[in-house]
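Below is one structure, written out as structure tokens; comments come after it.
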Amino acid sequence: MRRAIIRGTGHYLPERVVENSWFEDKLDTSDEWIRTRTGIERRHFAAEDERTSDLGIRAGRAALQDAGIPAERLDAVIVATSTPDLTFPSVATMVQAGLGMKGGFAYDLQAVCAGFVYALANADAMIRAGLADRVLVIGAETFSRIMDWTDRGTCVLFGDGAGAVLLEATEAEGSSADRGILATDLNSDGQYRDLLYVDGGVASTGTAGHLRMQGNLVFRHAVEKLAETAHRALDKAGLAPEQVDWLVPHQANLRIIEATARRMHLPMEKVVLTVADHGNTSAASIPLALSVANAEGRFSPGQVLVAEAIGGGLAWGSVVLRW
Ligand code: ACO
């Protein structure tokens, strides 16, 4: 059977780094509160003239370079984002042009913080079905553009950035010993739309709007649903939680990550953490974490990775892959 394996990773973070202390004279908050409640210490914010597509192009280019594969050989680009440059065209087509691709196809996918997991599942399905051989999957966000800077419950949590992985088709046996994506598990439940949403949009206000979140309720759903989806994906892959080498979670809150690891009986040494330096970069957080850890040489061929995320919708899911 065909499997999608990761050939390369890349990421880009905007130059401007903002420490927690930056918020202290603007809001009733403190570095101490943000650190202890979320694990976040700093985040990157895009420059005024820097757009989501700019971040995505840089991350995509880095992944192509890491893989040693030129852009002309790509069949498709998928960009997971909730903060596109424009209503249309898609960020993905802008990335396609920016990378110098003249062929193939490109589209955006929107599942908020679960966007990258959804995009990986999409790319995996296309590769296994023979629709594409090489797909560049990017998560790119500029959440700083949809923050309400007077809301201390949200604006301290998010950051900007982009990460990318290059998936390539390979022939495999069809067993859990194969390299590549072994299983995916996607879920959503629209009855929870009011827990986490943006209060604007094309067909409602005609504005981009600002992010609104009932953080403590989202927190409870996250702790319960993330371990559940990870276990389901592992079951589908025919693997047990003790066979997991690395958990690569969505980086929203250190306490959610710790609770999920506990429920999966994984020690924190097996968890990739970037939340302290990046904050929550929504769909970019998992590919950023993958790329940072890969650049540090932390993954070895044959190791089992689980990525999981939850976000607005609610939408959540996970991917199990062998590096
Ligand atoms: N500084 C100081 N105090 C604050 C701040 C702040 N920045 N933010 C909130 N507080 C206060 C609240 O007002 C509240 O005060 P009160 O008790 O006087 O009313 C108190 O802290 C406790 O608030 P909670 O919301 O209950 O705090 P909690 O421990 O739940 O932490 C947080 C809040 C960090 C938002 C947490 O709930 C969280 O991480 N939630 C999940 C976020 C997430 O994973 N989102 C999904 C992905 S995002 C996406 O899809 C776009």
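For all residues, glycine too, the Cβ spot is worked out from N, Cα and C.
TrEMBL does not curate its annotations; it predicts them automatically.
Of the candidate ranges 21-25, 46-50, 101-105, 251-255, TrEMBL annotates residues 251-255 with the feature region 'ACP-binding'. In the three-state DSSP reading, Cys113 (active site) counts as helix. The 10 Å shell around the Cβ of Asn280 (active site) contains 23 further Cβ atoms across the protein chains shown. Straight-line distance linking the Cα atoms of Asn280 (active site) and His250 (active site), rounded to a whole number, equals 8 Å. Broken down by DSSP into helix, strand and coil, the domain 'Beta-ketoacyl-[acyl-carrier-protein] synthase III C-terminal' (234-323) contains 38 helix, 22 strand, 30 coil. Residues near His250 (active site) in space but far in sequence (CB under 8 A, at least 6 apart, same chain), listed by position: Cys113, Ala114, Leu226, Asn280, Ser285, Ile286, Ala307, Glu308, Ala309, Ile310, Gly311.
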